[in-house]
Amino acid sequence: EKVHRRFINNEGETASMKSSTSLACTILALSSISAALGSDNSTHDLKPFRIDLGAGIPHLQTLLNVTKLPKAPLYPGTSPTYGIDLDDLKAWKYEWEHGYNWTAQELSLNRFSHFTAQIEDLSIHFVHQKSRVQGAIPVLFLHGWPGSFYEFEPVIESLTEAFTDSNGSTVAFDVIVPSLPGFVFSSAPPFNWTVDDTARVFNTLMIDVLGYPAYAIHGTDWGSGVAYSLYSNFNRTVSAASFVFLPSASPTVAEIAAANVTLSPAEQVTEARGTTWSTIGNGYFLEQTFKPHDIGLALYDNPVGQLAWIGEKVKLWSDPRAGQSPSVLNSTAILNLVSLYYLTETFESAAWIYAQNPNGFGTPYAKAPTNAPLFFTQYEYNIGSWPEQWVSRVGNLVSYKVADFGGHFAGLDNPPQFVADIREMGLFLKQ
């Protein structure tokens, strides 16, 4: 595994970097004081939460048992261009019926500290895993579709533990992972809800409910839209931002050539995958943007249908080596993702995030009005490609990396690299 790392302005700090480091140190000090004092969250009805979805398993098993699939592909050799491979779907369905143990998976997920809070008439679910290390940095992790808080399950515990680098600097994190409104354990938002609304609610979660005066963020997929909104609109409380995906369209081949940008071999792979997604891979995007009721109701009580719709994307958007070390994105992980949607009956409400943000990822973003440092890692098998020059246009980019293992679900597909990325951000804040 290789990581191609570029530190921006690494021959000497610019005024912007000095400013961002100074701001970060102040924010860290405030966060430590606030964490010690606690917060008044009585108005938000903060409650411990435990996952308990076992009552839905008998019905799920019944539907799995009676659902028929074709004996053979209608047109062999046309997958994945035209959709999910029948053999993959059969294998996943069989495992879901005969080998998968939701009770064990639920028990594992409940090892984390889950909560719900009432914010703006929404019930917001989140994991709040606090470090035992004094001065731990709070980081808000934001998932997308078809993901959930589960995307970050493999990295939570490592991030809460103390890590000391070769220079003797130690860093650890308080990890906060909410479910986006309408996803799994968070209630569905009003009809005209946008990622900016979600950003506002999550800022309230961090500041008013949990008592952090400031915090760092990480975003991917739709979570990157929420994260950018926080980075730009709540720049007094966001100390740093980490992205593996931007909420804007990837540059075209022509735009990259016109800018005289040379891509590394790994970046060329990502660019090609992004082009494929934007030309023949975004049918689901259009469906969920314009007809979310159709797909949402058609698959509402159809676990195998949800498995096909979601599983195809998870496999296609991940590293071809997914499931092989260091990746933990295996068939069980896919079934966990789908089970959370199906058992919480949120497939439809989660799909609505596309209709509620009809510009999709086509919105042009100006540079955020903040000096807070921005970190970006381009995972080779992601489905969007943003060269360094484009990332620097949206924020105070201080580190740009290209990792040649991993895809769209970085927390599952390459946990060690993901943890290293977040620690790099934390160590920068500690400077």
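Each Cβ is built from the backbone N, Cα and C atoms, and glycine gets one as well.
Keep in mind the model is a prediction, meaning the values are calculated, not measured.
Listed features, source TrEMBL:
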type     : residues : note
ACT_SITE : Asp221   : active site, nucleophile
ACT_SITE : Tyr354   : active site, proton donor
ACT_SITE : His408   : active site, proton acceptor
DOMAIN   : 47-152   : domain 'Epoxide hydrolase N-terminal'
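DSSP classifies the residue listed as 'active site, nucleophile' as coil under the three-state reduction. Taken through DSSP, the domain 'Epoxide hydrolase N-terminal' (47-152) splits into 38 helix, 23 strand, 45 coil. There are 26 other Cβ atoms within 10 Å of the Cβ belonging to the residue listed as 'active site, nucleophile'. In the structure as shown, the Cβ atom of Tyr354 (active site, proton donor) sits within 10 Å of 20 other Cβ atoms. Note: the residue listed as 'active site, proton acceptor' has non-local neighbours Thr220, Asp221, Phe245, Trp317, Ser318, Tyr379, Tyr381, Asn382, Ile383, i.e. same-chain residues 6+ apart with C-beta under 8 A of its own C-beta. Taken residue by residue with DSSP, Tyr354 (active site, proton donor) is part of a helix. Per-residue pLDDT, averaged over the domain 'Epoxide hydrolase N-terminal' (47-152), rounds to 98.
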